[in-house]
Amino acid sequence: MLQTSSSSATASLQQQLSKQYANSFSNDGSSFSSKNNQQYSEIVNYISFNQDASCITIGLKNGYKIFNCQPNFGRSFQFKNDESTGIVEMLYCTSLLATVAQGEEIGSSPRKLKIINTKTKSTICDLIFPSTILQVKLTNTRLIVVLEDQIYLYDITTMKLLHTIETSPNLSGLSAISYDDSNSYLAYPSPPKTITHDSLLASGINTNGGSNSTQNNISSVSNTPNRVGDVIIFNLTSLQPISVIEAHKSTIASMAFSNNGLYLATASDKGTIVRIFEVATGTKLYQFRRGTYPTKIYSLRFSADDKYVLATSSSLTVHIFRLGEEEALETKHKKKKIPAVATILEEETEGSQSNEQTKSIKRNSEEFEDIRDDGDDSDVDDEDGDIDDESLEVIPAKQRKLSQGSTNSYTSVNSEDVQSNSPKTEPLIDQNRLSMARIIRRSSQTLGRKAAQKMGDFLPSRFSSILEPTRNFASLKINAHSKDTKSVAVMNNVLQQDLIPQTYLASDNASAKQDFMEVSLFHIYVVTTEGMLYTYGLDPERGGDCILLNSHCILDEY
């Protein structure tokens, strides 16, 4: 809830925040200048957060850097040399570090993994692999090295090779690791071929991952040829595959485990749908629509409390999806009520199928094609990029139906109680993003949404969920110079008191009684390949547009 602050003790802080806020959106002489961003984007090879999101690692053309980002921002380690670093990964906040060179210089190789002690600045060991190292992950017990067609598993305490997994070509080295000691898993894309009964039984894999899975479950996979969107779950403790999750029908682009290792988030190369599965059973718990137009998902990450999922994309936005009771009920409602043809159509928005299936879908669901395109111009080439359909016009909470509340995802899980005590339940709106393109698009989308709601009152319930897809709870726009900027994001679960300018939210500046407001926010940290660290604030009760709190150029000398 927003509160105004008039204490004289905060005057200096307010002045500092005002200056910082103004600089954040300046195009001249600030850390966001085009010249600086172009320069930094050319030297950043790799960006990553460590396992608990307390540190940032940056791979550079001339070495690497490590920064603390929680509780306070600051550089903790820097190594400079003439070798370009392609991968740099930490083991939590310990002195153990894994690095891989780009191989651009004479004598360096992208096939060599170095395990380094940052305290002594010494190399513990070197490991040479048969092909280029694409990804490296560290847990308390395992070292995982991903190549294009192999995954190597080591005991991190002895550096002994425990197991080697032969995989289908994995050009990006896509994988996900669960860091929980009780649920230590590895996820990687399944081979894009028909899986037979014999191969499943021989390797101990079943489609549901449960001990009571039936032969019908296996045949459901084996009867689906050339699947490329399946994910294999591998137990890092027993060194055995335990299940196959049918995540998408097109190629997997990104995935991430929850912090407790119980859930897996996935997105395909289409970039329109984000799904959350239960690892133990393979059951789909949540399904969110990020947008209608295709985009590249760079990363998925659960919040520290596993109640939110963050998705960064090539549209320079970060979407935050809430894993609440309403969203779970909405996904369950869709699963039960949507007819088979609609389910197929939902899958078809992500990938392509055979000509026969495509023709069948067009014949049976032609009338639904327009309403399935829900109007999220998330990747339209304008300055605003992704927006929420309802972010600028909100229906009073008491008039919302369950499906609509889940669709907008703007109320808290216990929204009824919160709304009864506070009139300010509408989502936050960033006045700085109110461009003409966004206003026009909002008008057309709101009209479409109202029409869908009216139609939903007259149509059977199985069609209403088609008209109202589950959307993100909040989003933010990255103020990047280049459209090719990549980003990763994390979110903590500690509410912090922040002062933000009243003009950030007030549409009428004259009506603002105070210059600043005190807001309770979750902090979201976003690192980009332009060498910037952004801190945004998320209102957990209202959602909507996240608030830019501060920024740091992490490549500047200190």
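Positions of Cβ are set from backbone N, Cα and C atoms, glycine also.
Summarising the annotation, Swiss-Prot assigns repeat 'WD 1' to 247-287.
What Swiss-Prot lists as motif 'L/FRRG motif' is 288-292, and the listing cites similarity to another entry.
Per Swiss-Prot, repeat 'WD 2' is recorded for 292-331. Under DSSP, residues within the repeat 'WD 2' (292-331) fall into helix, strand and coil as 7 helix, 18 strand, 15 coil.
Annotation comment: Swiss-Prot describes 344-426 as region 'Disordered'.
The compositional bias 'Acidic residues' feature in Swiss-Prot is assigned to 367-392.
Annotated compositional bias 'Polar residues' per Swiss-Prot: 402-424, in sequence order.
Mapped onto DSSP classes, the repeat 'WD 1' (247-287) shows 0 helix, 22 strand, 19 coil. The average per-residue pLDDT of the prediction over the repeat 'WD 2' (292-331) is 92, rounded to a whole number.
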